[in-house]
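Feature annotation from TrEMBL assigns region 'Disordered' to 1-46. The transmembrane segment annotation in TrEMBL covers 88-108, 114-136, 157-178, 190-211, 223-245.
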């Protein structure tokens, strides 16, 4: 039989030899009981993150970025719609120069420092009218048949009616409204007659050049052909109406 070691018994021998841990030794320590040093990781509330100059610079940069984004969107839209054509750009520059007095005296007047540039543009402009007529004539070398076939009779008639009938009527309304608002010199009938007459003129030949840049030269030439033919009769009627209205 088995016997216990000398001086020991089986009762309580194992319990005395096994160490027992306290009940609280395996628990996670609570954060509140131990103070933490937060001086190195926190920023005082009264100290600003950025100085006033840096804040203003950041705001100016953000505003400039937004403005440039809007400008890029507008330019992209105009390019997609193909509105940035040379005649349109030149007209916009001419309006801006004519409206601003400083630029007008610097470019357009006879004694302006850059009047030589204006004189050169006038010479080129006078030479462009025959060139545009040659371009239109080249598109009409076979007659308006091909362009008219592409547009159709209804489209051609609608364009002619809108240009020679509806546009002059709208011009009469606009001129009368502007006259009542006082923007036209009082008693200047010839000025009113010119304003009315410009709405009765046929489509400009320059529109044919712009349409030719977009690949619609034949259609534009056909419209110009028919509009100029019917404008002989429409302009006679509108001139009689304007003279009876003003004089």
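Quick reminder: no glycine exception, Cβ is built from N, Cα and C everywhere.
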Item to complete: For the transmembrane segment (114-136), name the stretch out of 88-108, 157-178, 190-211 with the most CB-CB pairs under 8 Å.
Response: 190-211
Item to complete: Mind pulling out the one from 88-108, 157-178, 190-211 with the most Cβ pairs under 8 angstroms to the transmembrane segment (223-245)?
Response: 190-211
